[in-house]
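Single-structure report; data block below.
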């Protein structure tokens, strides 16, 4: 018996030492990576502006969005970056980026604040007079011996979990106010997408412009797409074939120049012929295999240029035939409808339109023409249901199958416990401590990150399969599915497999106590997740700053990958962007892990606070100075992320309940059940209060205070009607206009940016003292002919809205009162002050030409032209010969780009008109170059030449 106890104590000591070594090794290894990456970033940032400050250094975005450069010093940039105001971040990152950064910052601050009361209480209780654990386990729940101490964990859990539920309430209030203010601003309200609604599963009766216009007031245009089901695939095949020809022609040209260079070395006075074929024999011309099924082994090899010259006209003719006949094709059962204003569009999107179920639904608003997934606009309701079931089933099946490799990773993280049963694994103890720590900490966390990196592409494919009509909806579906993957695989499966591994010996001996043993060993898995949080906070954040992949692609591999001038153009002018469907879930799951272990192993709060703050800095820098905006989803990912974080609260509370049950602490069990019930109640109320409100724009933020004026969101469609005595409402009833009295105007509070003349007292009394202050409306301010106030800063007419109608002054208050009263200090009027000035102006990229607007939502495939190809101009005139050779097949030119004798490309201006074809090799949408950038040629900038001298291209 004594020998058994001795063995168990030895095993426990070994396991404890290993778990501590696991965290220490992770901290050291990831800290080293962090240091190397940050030092490299600080050095390279000063020189490599295309990678680290492209938005402020080159004309790649609209001038109005171009940020001021950060200071050039090694560390001098950090303080100005952290002091950037909300309106600056919104202007640079958009709503989606702003709320992503806000999420990271809030988690970091909440973890840091929570340490102030959890550490003094729980760490001292866990560490003193307990189960004689050592190392980090001494500071965790498993070291608690006396049941009476469970009450401390209960009450700390109440404060921590319910406190964050209050934070979620504040953030949801802020989100709805901010979104309403943004969408009601002139910049968004005047967008075509804001007043255009997509109706799907439209009955045949309404698949005509005339009939559909009868359903709503204020209909301006109706787009009903028609086209063959095969035309989109055929257009893509044609465009890819044209791009293949462009690559082959460039390769052919480079082969000739390479040969001439070689001949010049032998004979410097060589006279160059104008016949390119003299320098490139037939066998050296570009070739490819055409058998799609087995082209690598049995495909027939053909001359690429000759083959495409023959096949492209045939394919182009088929495309043109389908385009000319598209009017005879069956219409899509999805309809885009433009309304006179955003108000009419919102009304149409929110009312019940059709008497039968499953028709005229789903309904979407705010989809840009460039973001439409046209493939999914022709589905019937039964097809959509079938696809949804298939997509969800495929994801569930993958979750189950993915559990096996993830469980194996969890077992590795606790492999020292597994050696108790699997004797032959005991050789691991002979490894050096540092190597053992790497094996049990860094290797599993890296393996887990690599495993999860394969999933996003599959999930996005399932999003398209189930019928997502836009890029934003693809990301929204991905956010939900990928979060489920993250929680189940990264957290739950890893936790259970790690706990099961550490108790396998005891479970084999006493199977009836399996649940008790798992519950008691569950806290030990926290050490693995501390390592995972450290990995994310140190290695991932510094890697995001250094941008290793873009750095290597641009300066090293670009010479090999950018075989055409178009690819080089895309490399230089194409800015990276975030994919929110996968970005949010990774860090939401990190918050779930932190919250789940916050009471069981409080030390994780320290690592999480540091990790989230470092991630906040990294992404703040990238989103404001490096990345361009992703397809605008208007912030829809943020409320979902907040509600998903509640999963961590539930898991944390349920785990505590299980641990109390194992320890037979009946009083804490009752209190914990009460805590869970309160959490459920709050969750339900938050969902009921904000679920609908977060998806719509309220009427009072769109309609004018006087009831008749036009606003950016509202157009009075009855204005100007001759008979003003009697009008008809939407339902045809008569309205006596004499009986309607116009409301009197009264003072409206405004919010302006802080100026240098602001006194310290005004700043102290401000609602958001960091960047704004409040003052009463001054009737002496400028006014237009109608008496409406003019905002002198942005010269946009500011018509008072119904939501501005509260005359009550928002009282100055200290920070704690502002924290406790979000209904006042996060109200619509208060939040309006955070909007950038450009939100008072119309987007310069917005369509204003009536012709462009009338064709905005036309099915692109029915009018898509064959892309115009682009090759560089060479010193010997070969490019002109190549252009004439394909003149009857496809348009091609050699303007704005040259190639020298050393095969180096030089870009001089924008490429020829191009049809936004997806370049498979580069993964970027070609031809997407901003109008402002075309006017301000980035290649005429001396900074471009500096970057070229550093580039390997």
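A Cβ is built for glycine as well, from the same backbone N, Cα and C atoms used for every other residue.
Just one residue in 26, 128, 417, 949 has phosphoserine written against it in Swiss-Prot, and it is 949. Between the listed ranges 309-329, 330-350, 351-371, 435-455, Swiss-Prot ties the annotation transmembrane segment to 435-455. Looking up the ranges 456-476, 519-539, 540-560 in Swiss-Prot, the one annotated as transmembrane segment turns out to be 540-560. If you count C-beta pairs under 8 angstroms between the transmembrane segment (481-501) and each of 23-43, 103-123, 392-412, 599-619, 666-686, the highest count goes to 392-412.
Residues 33-34, 37-38, 40-41, 44, 48, 50-52, 568, 571, 576, 611, 614-615, 617-619, 621-622, 626, 950-953 of the same chain sit 6 or more residues outside the transmembrane segment (540-560) yet have a Cβ under 8 Å from a Cβ within it. If you look at the transmembrane segment (575-595) against the transmembrane segment (392-412), you find fewer than three C-beta pairs under 8 angstroms, all six or more positions apart, and that falls short of contact. Residues 106, 110, 114, 117-118, 121-122, 125, 141, 595, 598-599, 642-643, 645-646, 649, 652-653, 656, 660, 663, 665, 667-668, 671-672, 675, 678-679, 682-683, 686 of the same chain sit 6 or more residues outside the transmembrane segment (148-168) yet have a Cβ under 8 Å from a Cβ within it.
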